[in-house]
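Visitor: My structure is below; once you've seen it, I'll send some questions.
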């Protein structure tokens, strides 16, 4: 999966 | 997930809960800037666009829904609730918040990770969140006495992004040195804007006196 920087945060 | 990010999210959630309780319990939004609350709704709407297209975790989805729901209901209370809307300091809450939103949007068009709608709007939400507190800080300087709940609300709101800064330092050293300038610098600006509020808040707390911001 293309890891989006910071996309797993709120 | 690390303890700093969890503490940050819980601090953020607590700040919103405190504001919602203040408005519901006292049926008053005195000292609260509707402009800031509206900017936060825009921040959440533009940041959580991938809410239904990208599932990250149950926690992530739940928190996004809670933040959207609570921030929208706060704006609803301040705009439409028959009792609460009378207590809104309309004549003091005069900050031109679109003067904040437009430069943030233009900046997001210029500086972003990649030029897609979702990514540009996400970047816009990061820039906007950094300055969204300004109308509220200006209102605090204008309103003579700041009630405890409002002071605690603003303090926790500032503290959450400071915890996120620590979370980013932690992730940088533990997750293959990923560099994320956009949220980092915006988060730094955001936290710095609270610096003098933090100073007066802690001073009033140590001297056990009423919180007063110099005009």
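Placement of Cβ uses the backbone N, Cα and C atoms for every residue, glycine included.
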Visitor: Between the candidate ranges B:34-55, B:56-77, where does TrEMBL place the transmembrane segment annotation?
Guide: B:56-77
Visitor: By a Cβ-Cβ criterion of under 8 Å, what residues six or more beyond either terminus of the transmembrane segment (B:182-202) are in contact with it?
Guide: 111-113, 123, 126-127, 129-131, 133-134, 137, 140, 151, 154-155, 157-158, 161-162, 164-165, 168, 211-214
Visitor: Cβ pairs under 8 Å with the transmembrane segment (B:98-115): which stretch of B:56-77, B:121-140, B:152-170 has the most?
Guide: B:121-140
